[in-house]
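Please read the structure below before turning to the comments.
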Amino acid sequence: MNGLSLRQRASGDHAVSPLAAGKVCTMMLAWRLRAIAVTASLLCATVFAGGVAAAAPGHNTIADGQYYVALGDSGAATTGVQSFDVEAPLRCAQSTANTPKLLARTLGVQLDDRTCSSAKIPDLYGSQGPGVAPQFDALGPNTKLVTLHIGANDARFSDFILSCVAENLVGRTCARGEEWSAAIQAIRPAYAAALEEIHRRSPDANVVVDGWPIYLRPQGCADALLTGPNAAYVQSKFDELNSVVSSVAAAHGAVYVETRTAGLGHDACAPRSERWIEPVLADQTLLPFHLTLRGMSGIAAELKAASGS
């Protein structure tokens, strides 16, 4: 009994012993430690690159013509995939191959990538920490394209998903009450205000908002540590977040890019080579439930189609 794997526990094939329940706590601690590893890896990268990178407000030069600003959280910065961008602020943990950078290369435009891991909507207006300027500082009258991917941290997705993983491992349902839905619905006013502020600062910009792809298939899988009704419940919350963001975007002059369709078959339970989203028990990203390189490329292609270029 005590030798059961996490995959066996996640799939519900066996009862879970008190010792196994204790291991859930160990798993949750390990998940948190993976986030700490991001910062440690970044520090090593900058040291070997010749010192800690200066956290300048914007490290890209504004060129004549089209100018692109990327705003958002780790879903756009894409923590831990490929190499770290040592020119960006350390704590933002940007990838050199994240969705904004892939899109900018495809479009052939100058990019100011302000995406930052753990960002919430208030971080668009204010500093996220030492060396990290407000993301909105990058906006100006010359900005022609803005992409925005934010809101999951405001709606406490990491906390709720972690809770669901823990409940799933001990054979309980995590679909209780309306707390998660309330947190999702609560982002509406702040999200709307953010879009209005983007239009105010960059009136000529095409503002593009991308949604969240499919994270889990209905039955889930052991690698995601979410199975059956719990997997379906978590995915339903990503769908609810998409619904909120798409409706706010439509009401406030932004283009919403639906990514569920393109992401079909590329969820966290897909074969490793096909995944857009990495499960908990995987190695393509430092943090679970974040985009893989394939996922970033797929989202970039969807954004390109909606960017007007």
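Placed from the backbone N, Cα and C atoms, the Cβ positions cover glycine too.
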Next item on the list: With reference to TrEMBL, specify which of the listed residues Cys92, Cys164 is paired with Cys116 by a disulfide.
Entry: Cys92
Item checked: Cys164 - recorded disulfide partner, TrEMBL, among Cys174, Cys221 -> Cys174
Notebook entry, point to check: For Cys269, which disulfide partner does TrEMBL record out of Cys44, Cys221?
Noted result: Cys221
Next item on the list: Give the number of CB atoms, excluding that of Cys116 (disulfide bond) itself, located within 10 Å of its CB.
Entry: 28
Checklist line | Helix, strand or coil at Cys221 (disulfide bond) [DSSP, three-state] | finding: strand
Check: In this structure, which of the disulfide-bonded residues Cys92, Cys164, Cys174, Cys269 has the fewest other Cβ atoms within 10 Å of its Cβ?
Finding: Cys174
